[in-house]
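J.: Quick paste of what TrEMBL says about this protein:
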type: TRANSMEM; residues: B:6-39; note: transmembrane segment
type: TRANSMEM; residues: B:60-85; note: transmembrane segment
type: DOMAIN; residues: B:62-250; note: domain 'ABC transmembrane type-1'
type: TRANSMEM; residues: B:97-121; note: transmembrane segment
type: TRANSMEM; residues: B:133-156; note: transmembrane segment
type: TRANSMEM; residues: B:176-197; note: transmembrane segment
type: TRANSMEM; residues: B:204-225; note: transmembrane segment
type: TRANSMEM; residues: B:231-250; note: transmembrane segment
């Protein structure tokens with residue numbers, strides 16, 4: 001794989017500063033600030049209604065924020081009309097011009113910039129080549145499949161060589177197989193062009209797989225803006241921890257701090273936790289979280305030398321192809337563990353009703369102050 | 001169609017006959033050689049067509065009706081397009097009330113409308129002027145154009161226009177290159193309705209026209225008061241032919257078939 005495009009410049013290319021947007025009594029953006037580097041692929045991820053699309057539309061100029069600023073290469077875009085922002089956008093519905101051919105659709109941006117006809121034709125060919133749709137120039141959008149329409153919409157947005165590419169759930173309407181193929185292709189294309197890209201999605205796998213950095217949003221705020229790996233391993237807030245991937249969660253009380261680690265007391269004995277928010281006082285309530293795939297499950301009741309162990313009874317085993325999920329009833333509630341099926345026909349070797357012990361390492365354990 | 005049961009097909013046939021029979025009778029009567037209206041027609045002649053096509057008593061009102069229909073349609077479109085765009089895309093205070101008001105001429109008997117317009121326009125010295133007549137017809141036709149446009153435009157969604165904006169088209173060029181082509185089915189359907197309504201309208205034209213601006217339906221009405229010859233059938237046939245030819249031209253150019261009967 002080619003290395004991520006030009007991320008060397010530390011100067012932010014696109015900056016959102018304290019953006020606020022309200023619709024009547026509903027607040028879509030609450031004081032959002034993020035800095036995006038040139039050539040970076042950023043995913044805006046969150047549940048529906050979290051403000052991610054509003055944020056994208058504010059960058060495009062389709063939404064006017066109540067306050068705050070959008071800076072592109074150091075210049076404010078506030079007050080600059082949509083058509084003069086020089087950004088490319090792909091809509092979830094693709095929004096192709098149904099009365100125009102593919103070539104006319106793709107050439108529209110150049111036509112609006114009053115480019116000469118011959119130049120338009122050449123650029124359109126190039127853009128269609130980029131999305132591998134060369135043969136369809138004279139078709140109308142209604143004669144194309146969803147995947148083809150998606151590529152045409154992408155070509156139309158790229159043909160003007162925009163400063164930033166804005167993608168509003170562009171793959172949401174495609175079926176699963178095609179979506180996966182397009183994720184890879186889109187990412188390759190973005191790196192090839194080195195174009196700064198902002199991608200709105202509600203699909204966490206898509207966000208983690210494609211983006212250099214992910215901004216997880218929740219009720220109008222950016223909860224965390226980080227690389228996918230940090231986002232997954234070191235979530236900054238309980239929302240991020242539980243929104244991305246799966247989490248086992250149970251309540252406990254902080255007993256003691258020892259250097260980097262902390263000791264918490266739960267209904268099933270003491271648990272060693274990696275790091276904990278400095279604000280939590282000894283005796284404070286915390287929520288302990290561990291990812292299912294970080295947990296081990298074995299027969300018997302010994303701790304196997306792991307820092308943390310909870311006894312339980314195996315309630316069910318679910319085989320799902322590449323993984324097997326085990327559900328264990330413990331004094332802390334139902335816990336999920338995941339095992340990779342590395343060999344064909346691999347079996348857990350355990351049956352429902354077996355006495356088991358769930359073990360995991362201190363560094364895989366995180367805790368947040370209880371809300 | 002083959003799957004339709006017999007009674008269903010008979011019913012459809014009955015409806016078609018019921019709708020088409022009066023038209024066919026008029027067309028048949030127009031070709032009679034007799035001095036008066038009879039059906040079935042006696043003999044075959046084009047004498048009544050010759051009479052009406054050379055008689056200024058019919059030709060001037062026909063031309064007036066045509067001009068008035070075109071002017072009413074054009075004016076209605078110019079008024080209805082911005083109204084539809086604003087009502088569909090923008091936050092308009094009391095949107096429902098505004099819409100109901102703009103469609104309200106639909107529920108008013110045209111003779112009442114005509115009477116009050118006559119009094120109202122007379123205040124401005126427009127009582128029986130061509131402008132007054134046009135205003136009267138536009139009031140009748142604009143709700144039809146607006147209603148049709150609203151349906152088509154609301155079904156489109158704002159994203160296509162937004163896409164045009166992000167591609168560098170300002171508001172006006174977005175309207176010209178994207179919005180207008182997208183609402184063309186609604187424009188054509190509404191425009192055809194408006195033209196046919198105006199072309200046919202009696203009550204407003206009766207009160208607001210003069211001998212110079214009299215329209216075909218009005219002059220037919222007054223002609224019928226003293227005459228009972230087949231000239232009326234002949235000029236009606238001419239009128240039908242004009243409308244059919246217009247529809248055929250539109251059909252050839254734009255495929256009106258699925259435009260007049262939008263799928264939603």
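For all residues, glycine too, the Cβ spot is worked out from N, Cα and C.
Automatic prediction, not curation, is the source of TrEMBL annotations.
Fair warning: this is a prediction, and the values are worked out from it, not measured in the lab.
On this model, are these features tucked inside or out on the surface, and what's nearby?
T.: Residues 45-49, 228-230, 232-234, 236-237, 240 of the same chain lie 6+ residues outside the transmembrane segment (B:6-39) yet bring a C-beta within less than 8 angstroms of a C-beta in it.
Non-local neighbours of the transmembrane segment (B:60-85) in the same chain are 102, 133-134, 137-138, 140-142, 144-146, 149-150, 153, 175, 179, 183, 187, 190-191, 194-196, 198-199, 205, 209, 213-220, 235, 238-239, 242; each lies 6+ residues outside the stretch with a CB under 8 Å from one of its CB atoms.
Using a Cβ-Cβ cut-off under 8 Å and counting only residues 6 or more beyond its ends in the same chain, the transmembrane segment (B:97-121) has close neighbours at 83, 87, 127-129, 132, 135-136, 139-140, 142-144, 146-147, 150, 201-204, 206-208.
Tertiary neighbourhood of the transmembrane segment (B:133-156): same-chain residues 68, 71-73, 75-77, 79-81, 83-85, 87-88, 99, 102-106, 110, 113-114, 117, 121, 126, 182-183, 185-187, 189-191, 193-194, 197-198, 201, 204-205, 208-209, 213, 262, 264, selected by CB-CB distance under 8 Å and a gap of 6+ residues from either end.
Counting residues 6+ beyond its ends, the transmembrane segment (B:204-225) has Cβ neighbours under 8 Å at 57-58, 60-62, 64-65, 68, 110, 113-115, 117-118, 121, 127-128, 130, 132-133, 136-137, 140, 231-232, 235-236, 239 in the same chain.
Residues 23, 26-27, 29-30, 32, 37, 48-49, 51-53, 55, 58, 62, 66, 188, 192, 195-196, 199, 216, 220, 223-224, 256 of the same chain sit 6 or more residues outside the transmembrane segment (B:231-250) yet have a Cβ under 8 Å from a Cβ within it.
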